[in-house]
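Features of the protein shown, as given by TrEMBL:
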| type | residues | note |
| --- | --- | --- |
| BINDING | Lys45, Gly52, Arg53, Gly54, Ser94, Glu99 | ATP binding site |
| BINDING | Asn191, Asp205 | Mg(2+) binding site |
| BINDING | Asn256, Gly318, Ile319, Thr320 | substrate binding site |
Amino acid sequence: MDLFEYQAKELFAKHNVPTTPGRVTDSAEGAKAIAEEIGKPVMVKAQVKVGGRGKAGGVKYAATPEDAFTHSQNILGLDIKGHVVKKLLVAEASDIAEEYYISFLLDRSNRTYLAMCSVEGGMEIEEVAATKPERLAKVPVNAVKGVDLAFARSIAEQGHLPAEVLDAAAVTIQKLWEVFVGEDATLVEVNPLVRTPDDQILALDGKVTLDANADFRQPGHAEFEDKDATDPLELKAKENDLNYVKLDGEVGIIGNGAGLVMSTLDVVAYAGEKHGGVKPANFLDIGGGASAEVMAAGLDVILNDAQVKSVFVNVFGGITACDAVANGIVQALQILGDEANKPLVVRLDGNNVEEGRRILAEANHPLVVQAETMDSGADKAAELANK
């Protein structure tokens, strides 16, 4: 789960990471009131889960409460890369001497943690990596040893931070590691981490991604979920414990097992090139259980996507036999009734495949088309989506 900046800073405050005081609001009047309360110049910052806010006009300096009011009126409702601004963070403006970059992330390819640090902060880190790779330190972190003050100082040194701020930076870096580990995050990023004229180190921005797999031991993280910012279909899928990701396409995908679903996405995308360029509309993994309730929940999510023109159900029977899947599909269509109004291409293979195909054939549902192979099923689903 990606957090808004103000939520990330709440976690920073919990772990004593130094930052600037501020509050969140959803109105220009609220922004003015916060600015009056702070009593100093403020930054008015759009709260969206995407980068590039400054370039899009979503971050403004306000010298007075009246300026905060005016800027807030302009920022609220702003579309930033498809994300509409509904909340603002109004925080005390800070004098900046230098800007740095620091992050901790999960390095899946090397099965470890990684710290990244650079003296080139305040700009897109991808740009630094591409144009000045020598200025971006990438430091593996031993998961058992973690990050103590000495190692945090080493990270700052490798990032070329000035000697006079190494000790202060090390303290902040260690506290950011505490956020990373203590909150079960997969990413903690500060850009910029700033040096003030009096050599203080402050986290002016914050980006945090929490690991949803750790929700069972982080009950407090539930309060960070913003249902307004979550796609309604993804929210519905989550409520039904379905692994669903919405994509920008026309062919709905249901499969059992993440690997099979990923392969199905590729095959459908390839088939779509022959049928008007249609693409997969989603990733949906129903896992090992394909009961009527699970299948109905999955179909309900996909069929409520207005972009979907056809659905491809691709199941390889293993622990869950194909006859159970077929019964689940038939019962799901009965449960959904008139809501099931788009063609379904079903490809079954594996355990009890003949029985599964027989069940679907005898049901003779007008929307169901059977396919022998994954390739032929993908081709048929793409063809139907292009009609």
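Positions of Cβ are set from backbone N, Cα and C atoms, glycine also.
TrEMBL annotations: computationally assigned, not manually curated.
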Q. How big is the Cα-to-Cα gap, in Å, between Asp205 (Mg(2+) binding site) and Lys45 (ATP binding site)?
A. 10
Q) By a simple count of other Cβ atoms within 10 Å, which of Ser94, Thr320, the binding-site residues in the record, is least packed? A) Ser94
(Q) Taking 10 A as the limit, how many CB atoms besides its own sit near the CB of Gly318 (substrate binding site)? (A) 12
Q: Using Asn256 (substrate binding site) as the reference point, find which of the binding-site residues Arg53, Gly54, Ser94 has the shortest Cα-to-Cα distance to it.
A: Arg53
Q.
Cα-Cα, whole number of Å: Ser94 (ATP binding site) versus Asn191 (Mg(2+) binding site)?
A. 14
Q) Can you tell which of the binding-site residues (Lys45, Arg53) has the fewest other C-beta atoms within 10 angstroms of its C-beta? A) Arg53
(Q) Checking your reading of the structure: which of the binding-site residues Asn191, Ile319, Thr320 lie inside a 10 Å Cα sphere centred on Glu99 (ATP binding site)? (A) Asn191
Q: Quick one: give me the count of other CB atoms within 10 A of the CB of Ile319 (substrate binding site).
A: 10
